[in-house]
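Asks: Not my notes, these are from Swiss-Prot:
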type     : residues : note
REPEAT   : 122-205  : repeat 'Solcar 1'
REPEAT   : 215-300  : repeat 'Solcar 2'
REPEAT   : 329-414  : repeat 'Solcar 3'
TRANSMEM : 127-147  : transmembrane segment
TRANSMEM : 180-200  : transmembrane segment
TRANSMEM : 221-241  : transmembrane segment
TRANSMEM : 276-296  : transmembrane segment
TRANSMEM : 335-355  : transmembrane segment
TRANSMEM : 383-403  : transmembrane segment
């Protein structure tokens, strides 16, 4: 409180001081009480006055007028308590803050939350674009090796790799090596975009839950597996259509739209999710191994004296460095670690890939499930049949993993992904 005024009133007093102007806004803005002296002890006023002694009271002249008179047969006093402007604002704000009711606070909160959400949405978009560009570059560059891989896994080629390559060049020309590449890019770009973005998102969430500053190896594997499952569920239909197009007779389906209509009309909507179970198993393992191995290698290097020195140098030079020099691992290590992670992933998941491709190629009513198909492949060709085409697949995966992770890391720097 900033001030305390006590106005005694006696009915026998003069008219100039015997009434209160009820229309005076300033008067009533201070607040007050009508008190009967017999019922109020002096200690009551002393206790209030002691709290108000640090500031001078505010006086509002002209309280007592003849215009409005309070009639009473007893003497009374009007207790007026007033606050100085500055302190009243401070005290009001303090009281409102305790109740979370500061004027404009909700608007500011909403503004801050809205800004965070917008930044988060923009960051997610940048993440997705970085992954998509990485997939487009790597897949287009390595399309010939991808085509050779499909010849072994889908058509069951047994001939030498060079013989198969010569056959494609002779019958279809050089463009034959890029057959199905557009669909492959359309399938892989969203898959990689979702995969990369989901991995970073899941890893950050696991860090928040655990309260750690750096992810453990277990958290890396879990985040990678979850990212692989997420991307598979969202993108499997495009992969199924692509497989149908490159198989024998696929040319007659009339492209992506024709293959889509054919599968829906003849086999139903769920035919687009052929091999979902082995795909999920394969991609969960693939994501866990790929991201886990890469991050373990990256973390191991960054904790070495050389790695710590590189981080310090990068921090000191800041924006003066170009995108390549701002790679934490540097260009060579980024490519090398990506290749190692890709090789480990391919060896671990290749049998699932073979089973999935064979499931997608099944026709007719008597269709095998994933487990039965696996045993069927082993019966026909033994364990090596599960790794048919592994060599061309590795030749394709090693540079693909290197390029995709390299381009992805560069795009994150260029797009300023947080």
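The backbone N, Cα and C atoms fix where each Cβ goes, and this holds for glycine too.
Tell me about the surroundings of these features in the structure.
Replies: Secondary structure of the repeat 'Solcar 2' (215-300) per DSSP, as helix, strand and coil residue counts: 77 helix, 0 strand, 9 coil.
Mapped onto DSSP helix, strand and coil, the repeat 'Solcar 3' (329-414) counts 73 helix, 0 strand, 13 coil.
Long-range contacts of the transmembrane segment (127-147) within its own chain (CB-CB distance under 8 A, at least 6 residues past either end) are made by residues 165, 168, 176-181, 184-185, 188-197, 200, 246, 392, 395-396, 399-400, 403-408, 411-412, 415, 417.
Outside the transmembrane segment (180-200) by six or more residues, the chain places 124, 127-132, 134-136, 139-140, 143, 146-147, 150, 223-224, 226-228, 230-232, 234-235, 238-239, 241-242, 245-246, 256, 287, 291, 404, 408 with a CB less than 8 A from a CB of the stretch.
Remote same-chain partners of the transmembrane segment (335-355), defined as residues 6 or more beyond its termini with a Cβ less than 8 Å from a stretch Cβ, comprise 153, 275, 278-279, 281-283, 285-286, 289-291, 293-294, 297-298, 329, 370, 373-374, 377, 385-390, 393-394, 397-406.
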Asks: What is the average pLDDT across the repeat 'Solcar 1' (122-205)?
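Replies: The answer is 83, the mean pLDDT of the model over that range.
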Asks: List, by number or range, the same-chain residues at least 6 past the transmembrane segment (221-241) whose CB is under 8 A from its CB atoms?
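Replies: For the transmembrane segment (221-241), the nonlocal Cβ contacts are 183, 186-187, 190-192, 194-196, 198-199, 202-203, 206, 215, 256, 259-260, 263, 271-276, 279-280, 282-292, 360.
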